[in-house]
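> Annotations per TrEMBL:
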type	residues	note
TRANSMEM	A:31-55	transmembrane segment
TRANSMEM	A:61-79	transmembrane segment
TRANSMEM	A:86-104	transmembrane segment
TRANSMEM	A:110-133	transmembrane segment
TRANSMEM	A:140-159	transmembrane segment
TRANSMEM	A:189-207	transmembrane segment
TRANSMEM	A:223-243	transmembrane segment
TRANSMEM	A:249-267	transmembrane segment
TRANSMEM	A:297-316	transmembrane segment
TRANSMEM	A:336-362	transmembrane segment
Amino acid sequence: MTDTANPANEAMPKSQMKASWSFLRGHLREYGILFALIAIMAFFQIATGGILLMPVNLTNLILQNSYIVIMAIGMLLVIVCGHIDLSVGSVLGFIGALAAVMIVNWEVHYLLAGVICLATGALIGMAQGFWVAYFKIPSFIVTLAGMLVFKGLTLWLLAGQSVGPFPGDFQLIASGFIPDLLGGEDLNLFSLAAGVVVAVILLAMAVRSRRQQQRAGVADEPFAFFAAKNGLIFIALVYMSYLMATFRGLPNVFIVMALLIAVYSFLTSRTTIGRRIYAIGGNEKAAKLSGINSERLTFLTFANMGMLAALAGLVFAARLNTATPKAGIAFELDVIAAVFIGGASMSGGVGTVVGAVVGAFIMGVMNNGMSILGVGIDWQQVIKGLVLLAAVIFDVMNKKKG
Amino acid sequence: MGTILEMRGITKEFPGVKALDDVNLSVEQGEIHALVGENGAGKSTLMKVLSGVYPHGTYDGDIVFDGDVRQFRGIPDSERAGIIIIHQELALVPLLSIAENIFLGNERARGGVIDWRETNRRTAELLARVGLKEHPETLVDDLGLGKQQLVEIAKALSKEVRLLILDEPTSSLNETDSQKLLDLLLEFKEHGVTSILISHKLNEVSKVADTITVLRDGATVARLDCHQGVSEDEIIRDMVGRSLDDRYPPRDPKIGETVMEVRNWTVHHPLHAERKVVDDVSFHLKRGEVLGIAGLMGAGRTELAMSLFGRSYGRDISGEAWIGGRKANLSTVRRAINEGLAYATEDRKGFGLVLDDTIRRNVPLANLEAISDRTVVDPAREAAVAEEYRGRLNIKSSSIEQETVNLSGGNQQKVVLAKWLFADPDILILDEPTRGIDVGAKFEIYTVIRDLARAGKSIIVISSEMPELLGITDRLYVMNEGRFVGELPTPEASQERIMSMIIKSGGSK
C-alpha cells in the first residue's frame, strides 16, 4: 500500500523518516498510551515471574475491571462534553442494592429486575443532567450532591445489611463464560474462534478506513505505523483469546464490554451526535451558534452515564454475589482517573473511548500486578496517584510543545 | 506649565498589521487633551504602549514623561510613574465593597493585616473628591454604571496620579452622569491634574478639551488647539478624510424583491432587564443586496444580529421577522438556520470556532446532516467538503487537518465563513467580517461577499469601518444607542454624513 497523500515520502527514505518522525510527534499521545500499557504489562509479566498473563489471572483481570471500563466509557462522554460525574460510584452501589432487594427479597425475575435497574440508572442520570443542562448548575456540585444522596439511599435500601446471594442465572452476568459451541476439549475453540474473527474484522475495518482516507487524500499516518499498530492489536487479540480459551473461554462480561467499546467508539467518532458532543466540549458558544442543541445533548450524556453506571452496578453485584452498603465507594475516582490517563482533557472536547478503556486497563494491570507482588494497598495508592499525575503532565507538556 | 508627556515616533506592528505608524503625541502639564479617531485608528493601542501593556522593546519610538525617557515593562511601572488608565470596560470586582475595590492590590495594611478604619477613612475622603456620597462599605454591584465610573476615578486618585487617561468614559453613561463626569474632569484640571480623554462624542470633546490629537489609520493626522476655535466638522474631516481607492472589488448589483422584513424589534439586556439594547428597530433586506449597518461600538448592532439569530442574545425580545412573505420562527438557532439565516460572529475565537479542532471538523459543523447518512458521518464526504472550501476561500494552511487555533486571524475568519457558506443560507449576517485581518485577506472576503450577492443571496454586513461599508454595500442603516437613526443608499452616503447622524442622534437624548 502506498501513501497517495505523500508520494514523495515513498521515494526518499530520508524524507520518509522525517515525515514519520513529525507524525509520531503529532500523535505521541495516542501511541504513547498504548506503549505505556504494553510496557506496564511487560514489566509486571517479568516481575511476577509470568503470573500476570496466566490464563486464570488474565481472566480475573478482565472480570475485576469490567465495571470500571463500562463506567469509563460513559464518563468519557461526560468529560468530553465538558462536565464531570462524581456520583457514579454511589449510583453503582445503589443499583446493586436495588437489584438485590428486588431479586432476593421480593423475588422479582432477574431479567425484569435488570431492565428496571437500567431504567432507574437512566432516570438518575436524567435527574442530574436536567439541572446541569437546563439550569447550568455546575456538574461538580450536582453530582457531588448525587453522590451523597445515593450513598445514603443505598444504606437505607439495604438497612445497613448485606443482601444476597443472587440466583445462579443472575450471577452468570459477571462470572459466566461463553459455552463452547464447537466442542473443543482442553481448549475453548469457540472463544478462540470468536477472538480471531473479531481481530480479523477490526483489521479489515482499519484497512477499509485507510483506503477511504487515501481516496479522500487525508491519510497522513505513515504505512509503517499503520501496519505496526494494527498488527500489534491483531496479535494481542488473538493471543489473549487463546490464553483465555485455555482456561474457561471468554467471559460474558468481556463480550458486553467489547460490544460497548465498539458501539461507543463508532458513536463518538462517526456519528453526528458524537461530533456535536465534541463541539460542545470544545466551544459551547460556537456549538450553540452552529445550531447545536447543547442542552439536550448534555442531558442525554448524563442519562447515558446513569444507565452505564447501572449496568456496572449489576455486573458488580453479580460478581460479589451480594449487595453491600460499601459497594462502589471511591469507584468514581478510578473511573475519572482512567479517562484522564486515557488522554481526555479537563476542559472538554478531547478524548477517545479506546483511550479511556486503555486508561482503565493501565490502572487495572497496576492494581493486579502490584497485588501479586505483595505491594501494600498504601503504596498502591501512592503509585497510582503518581501515574495519573505523570500522564496528565505529559499531556500538558506535549500540547505546549506542539 | 511645560510638557508632561511626549510620545515620539511610536511604531507598533502586529503580525500582518501596522497598528501605529510613527505616531507623535505631546501633552501639556495641567491640560485636558482629547484623543479622537475612528475605531481601529490606533487610540487604544497607543494608550497600551504608554501604560506598558505592550512593554518597552515591543515598539519603536520614545516615551518622555516628566522630562525623562521611560521604559515601562508593565502596568505597575507606569502606575508608579503616576500614569493611570481607566478602561472602557470597568475593572471593578462587583461583589467587593467600594473601599475594598479602591485599595485592591494596594491595601492599607500593617504587617499583612488590613487596617479597616484607615481604609474606610481614606475611601470616604476619595469619594468626597469625586462627589459620591455612598458609604465605603457599599458593594460595587449595587451602584449604577455612572457611579461605578466615579469609583474607578476615586481608585485612580488613591494612587499618586499625575496623568489620568479615560478611555471612552461616557460611552455607557446617560446625559446627566456624563455631564457630571466632565465637570469632574474640569475640576481636576483646576487642581493641576493632567488628563487624556479618548472619546467618540465630539460634542463632549469640544466642551472640555484644550488640545485635540486626531489619529487615523495608525498615524497622527492633526493636532488642534481648541482655544483657537475648532468646529466639529473640522474634526470629523480629519478623522475620516481618506479616499476610497481600489481596496474593494468592482460590483454591479442586481437587486430583487424584498426577502426579509423586521418590524419593531426590541431587545432587553440579559442582566439589566430595564435596559433596551435594541429599541424598536425596523428594516428590510432585498434579494442580492448587500446591506450595511454602521455605528460605533456598543451601538447594539451585534445584539440586534444575535437576537435575530435564534434569540442568542438578550431577553424580552419583541417584534416580528418576515422572511419570504411568511412570518418567520426564529426562536432557536436551529429554526433560524432552517429559515435560511446564518450569522458569522465578530468574535471568531469565542463564538465561531472550535479552536482545538481541525479545519475538516469545523467547516461542516452547522450542517452535519449534509455529510451524513442517517446520522453516520461519511469521512470521505467531510474531507471533500473541507478541501473544497479550503480551495474556494483560499484558506492558507498546511492541510485540512490543521487545527484552527494555529491559523492566522484572516484564515480563521475564512473557516467561519466556510462553515456558513456550507450551511447554504439565503440571508447571511456578517459581524465585523474583516476585524483585525490584513488588507489582502480583506479583499478576498469582500470578493466572496460580492459573489454571494451576485448569486442571489442577501447579506447584512455589520462593520465599524465606515470606508469598508461605503465600499461594499448597496444600502446603509445607521445605528446608535440601540436605535436605527438613519437610512441611506450607499452612493449618497459619506463618512461625514454617517458620523453626523450618529452624533446628532446622541445629543438629542
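Every residue gets a Cβ built from N, Cα and C, even glycine.
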> Between the stretches A:31-55, A:86-104, A:110-133, A:189-207, A:336-362, which one has more Cβ pairs under 8 Å with the transmembrane segment (A:297-316) than any other?
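Answer is A:110-133, with the largest number of Cβ pairs below 8 Å.
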> Cβ under 8 Å to the transmembrane segment (A:336-362), counting only same-chain residues 6 or more beyond its ends: which ones?
29-30, 33-34, 36-37, 40, 65, 68-69, 72-73, 75-76, 79-84, 86, 261, 264-265, 268-269, 278-283, 384, 387-388, 391-392, 395
> Could you give the residue numbers and ranges of same-chain residues that sit at least 6 residues beyond the transmembrane segment (A:189-207) on either side and whose C-beta is under 8 angstroms from one of its C-beta atoms?
177-183, 226, 230, 233-234, 237-238, 240-242, 244-245, 249-250, 258
> If you count every Cβ pair below 8 Å, which range out of A:61-79, A:110-133, A:140-159, A:223-243 shares the most with the transmembrane segment (A:86-104)?
A:140-159
> Between the transmembrane segment (A:61-79) and the transmembrane segment (A:140-159), are there at least three Cβ pairs closer than 8 Å, leaving out pairs fewer than 6 positions apart?
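These two stretches do not touch.
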> Given the cut-off of 8 Å on Cβ pairs that are 6 or more apart in sequence, determine whether the transmembrane segment (A:31-55) and the transmembrane segment (A:223-243) share at least 3 such pairs.
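By the criterion, they touch.
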